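Noted in TrEMBL for the protein shown:
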- Lys208: active site, proton donor (ACT_SITE)
- Leu13, Gly14, Cys15, Gly16, Val17, Val18, Gly19, Ser20: NADP(+) binding site (BINDING)
- Lys108: NADPH binding site (BINDING)
- Glu193: L-homoserine binding site (BINDING)
- 352-428: domain 'ACT' (DOMAIN)
Amino acid sequence: MHPVTQPLKVALLGCGVVGSAVARQLTDDAEDLAARVGAPLELIGVAVRDASQPRPESGVTPDLFTTDADSLVTRADLVVELMGGEEPARSLLLRAIEHGAGVVTANKALLGTDGPTLYAAADERGVDLSFEASVAGAIPLLRPLRESLAGDDVQRVMGIVNGTTNFILDKMDRTGAALADVLAEAQQLGYAEADPTADVEGYDAQAKAAILASLAFHTRVATGDVHCEGIMGVTAEDIKDARKIGMVIKLLAICDRTPDGVSARVHPTLVPRSHPLASVHDAFNAVFLDTALAGELMFYGRGAGARPTASAVLGDLVQAARHRIDGGHGPRESAYAELPILPIARTHTSYFIRLEVRDEPGVLARVANSFGAQGISIESMRQGVRRSADGLATLQLVTHPAADAALAATVEGLREVDDVHDVRSVLRVEGL
Ligand code: NDP
Ligand code: HSE
């Protein structure tokens, strides 16, 4: 065991859902944390917007709350940023680093847009920048990527990294309910925020995918480089169709390394019910890695919530604190590969397409021709019963993998085919 040294001064920026759980644990578990670090972690201040608000759940004495985050960060050895948003979080973290503090953050929004600025500052000052909680909450995923797998080559990262949307899609799958109804329930239960835009539009997963792709492929991938489609277009009918063909719809973040470069995308995806991601229920997260040496790895656990997220934050804090005592620092930015980032058009996927077509001779052949014309092979086709009212029938197709651009062109082409009354649904498929 280390000889215990002088306390290390910790500043906390934010005392909301995650911040209050971190503060509480710093108090409740102070002795163990001190023993693991080799020095007590002394909370010297907590920056919030409203310092007069009572926050008994945090266990922080009222005198420690401040609205003067600027000065607080200059007095700390270690700064934990749990405010969220881009500003003032970015300026405060840079200020903390400039003053020599090791920093910990859960701020995926900031890292996804401006990670390299933070990395550069931490590198120059020789301090830690850690952010385990920014992706998949409690799940140890970023440290394995940055450290344990540093000698391997990651080929693919694919997973469920947003708990709110997984809760919604899972509930739709289990009950057949419409998205709007389940979203309202998710808000009542506190999974989805009052403004759930970032979750349901996929932006939260998009930022996380950028962080994952950057670490996995040693290449800078920003949030804007990640193709993003949210779940608002997923209907109860889509869920029902997926069920009929033995699949389930999940919002997946998928990052691939190909011979031509890397791609990152977030979109609702059909996966076979036999695939392990299909069994990820409620607000849980799960991420698959496919690597050259280790092969397949799966990480599963709670991706959000006060205490699970605090677990990841505290792990980073202990590590940064140890570095303050022993010297050294955590891994630097690794972006040496500088691989090209491919547009969605160049990624390869399978598609599920549901069409309403005239139930007449020759229609199937003409539909199949539209795929053939783009060089796309059909994996399976299923026709529903002809409706006597309008003479239309539903056609469900799953394609073999093909370039996304070719699939998109096929769908556009199908809309022009006279026999096709409507293209009702287009979803990508993975894990076949
Ligand atoms: P909350 O909104 O619950 O808390 C934010 C805290 O930051 C509040 O205490 C707020 O003060 C304070 N704050 C915000 N802006 C300022 C400002 N300008 N100056 C001073 N204080 C400010 O957020 P969460 O705890 O949910 O999230 C924190 C971070 O963790 C975010 O980056 C989020 O993305 C990330 N994260 C969250 C997870 C979760 O499950 N909630 C999971 C994984 C990551 P006040 O209370 O006075 O308003
Ligand atoms: N809103 C996010 C989710 C929180 O639902 O997963 C965790 O980052």
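A Cβ is built for glycine as well, from the same backbone N, Cα and C atoms used for every other residue.
Shown here: features listed in TrEMBL, placed on the structure.
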| residue | record | Cβ within 10 Å |
| --- | --- | --- |
| Leu13 | NADP(+) binding site | 27 |
| Gly14 | NADP(+) binding site | 25 |
| Cys15 | NADP(+) binding site | 27 |
| Gly16 | NADP(+) binding site | 15 |
| Val17 | NADP(+) binding site | 17 |
| Val18 | NADP(+) binding site | 26 |
| Gly19 | NADP(+) binding site | 28 |
| Ser20 | NADP(+) binding site | 23 |
| Lys108 | NADPH binding site | 27 |
| Lys208 | active site, proton donor | 29 |
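Taking the Cβ of Glu193 (L-homoserine binding site) as reference, residues of its chain lying under 8 Å away and at least six apart in sequence are, in sequence order, Thr164, Gln187, Asp199.
Taken in sequence order, the recorded positions Gly14, Val17, Ser20, Glu193, Lys208 that lie near ligand 1, meaning a CB under 6 Å from one of its atoms, are Gly14, Val17. When DSSP labels each residue, the domain 'ACT' (352-428) comes out as 24 helix, 32 strand, 21 coil, counted as helix, strand and coil in that order.
Other residues of the chain with a Cβ within 8 Å of the Cβ centroid of Leu13, Gly14, Cys15, Gly16, Val17, Val18, Gly19, Ser20, the NADP(+) site, are Leu12, Ala21, Val22, Ala23, Val48, Ser58, Leu82, Met83. Among the binding-site residues Gly16, Val18, Ser20, Lys108, the ones whose Cα is located within 10 Å of the Cα of Lys208 (active site, proton donor) are Lys108. According to DSSP, Gly14 (NADP(+) binding site) sits in a coil region rather than a helix or strand. DSSP assigns the residue listed as 'active site, proton donor' to a helix in the three-state reduction. In the three-state DSSP scheme, Gly19 (NADP(+) binding site) falls into the helix class. It is 16 Å from the Cα atom of Val17 (NADP(+) binding site) to that of the residue listed as 'NADPH binding site'.
Ser20 (NADP(+) binding site) and Lys108 (NADPH binding site) have their C-alpha atoms 19 Å apart, to the nearest angstrom.
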